[in-house]
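*Asks:* Structure below; questions to follow.
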Amino acid sequence: MTLTKLHKMKQAGEKIVCLTAYEASQAYWAVEAGVEVILVGDSLGMVVQGHQTTLPVTLNDMVYHTQMVQRKNHQAWCIADIPFMSDMNLSSVLDSAARLMKEGQANMVKLEGGQRVVEMVQALSDLGVPVCGHLGLLPQSVQKKGYQVAGKEAESAARLLGEAKMLESAGADMLVLECVPAQLAKQITQNLSIPVIGIGAGHETDGQVLVLHDVLGLTIGKAPKFSKNFLSEADSIQTALYQYVSDVKSGRFPASEHCVG
C-alpha cells in the first residue's frame, strides 16, 4: 500500500479500512483480512499494558511494537503514534519520528493536536516524513479534557475545521477524526483533499479505524459506543476481521448506533 493509492481511494470514494495492531500475528491476520492501514497506536498502553490511559507509553514501547508489527506486515500502510511528551518541541518530534521510521520501519507517524503541532507537521513534511494528524478527542489530553465528544458547539466545530485545513496546508498526508459529530466529520472530509479516517465520527469519512481488541470483544470494562464486537457473530478471529473489513467497505459499519455526537 502507498500514500498515492490511499489518496486515489479517497478520490474514487472507496472506503479505507484501518485497524490497530501491536504485534506480528495481529498484523499478519489483519493484512490477510484485507486491512489497508495498520495503526500501531499508543492505545497499547491501555489494551496491552493495562494502564488507565495512553500517557505512560514511551517512545521505546512504540518502537518495539512497531518493529513487531512490521516483521509480518508485508502489505498494509503502517502508521505509528508519537507518544505523550515525545512531541514537546521540534527537536524531540524529529528524533521520535526518526526512531519510529528507521528502527520501527513505520511508513508514517501520527501527531495529536491542531494548531500546536502545525509547525512540527511542516518540519516533518519538509524532511519527507509522511504525517497523519489527529483531531477531536485526543487521548493524550484526557487528564485535562476528559473523554468527550469534540466539536458539538458551533465555535469548537469551526475551530476543528480550521485546524484540519491548517494541518493539510502544513503537509499532513492523512487525518484521524475521533469522536466528533457525524455532520462535522462529513464537512471536514469534504473540505480536505487528504484521506480522513474516522473513529466515532459517523460513516461519511473516507475510512474507519477501530482498536483490534474492541473488534474481537477483548475490551476490559465497557466498550466504547463507537465500537462493535465482530467476533460475537463469527466462528473465528479471522472471520471477525474479514467481517469488519467487509462492513467498512460496504458502509454497513459504522451504523447509526455507533455515532457519538
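Each Cβ is built from the backbone N, Cα and C atoms, and glycine gets one as well.
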*Asks:* Looking at Swiss-Prot, ASP42, ASP81 are annotated for Mg(2+). Which of GLU112, GLU119, GLU153, GLU155 sits in that same site?
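*Replies:* The candidate from GLU112, GLU119, GLU153, GLU155 that Swiss-Prot ties to Mg(2+) along with ASP42, ASP81 is GLU112.
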*Asks:* Sequence gap of 6 or more, Cβ distance under 8 Å: name the residues on the same chain that satisfy this around SER43 (3-methyl-2-oxobutanoate binding site), in order along the sequence.
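*Replies:* Expected: THR20, THR54, PRO139, VAL211.
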*Asks:* Which one of these binding-site residues has the most other Cβ atoms within 10 Å of its own Cβ: ASP81, LYS110?
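*Replies:* For the binding-site residues ASP81, LYS110, the Cβ with the most other Cβ atoms within 10 Å is ASP81.
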*Asks:* In Å, rounded, how far does the Cα of ASP81 (3-methyl-2-oxobutanoate binding site) sit from the Cα of GLU112 (Mg(2+) binding site)?
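*Replies:* Distance between the two Cα atoms comes out at 9 Å.
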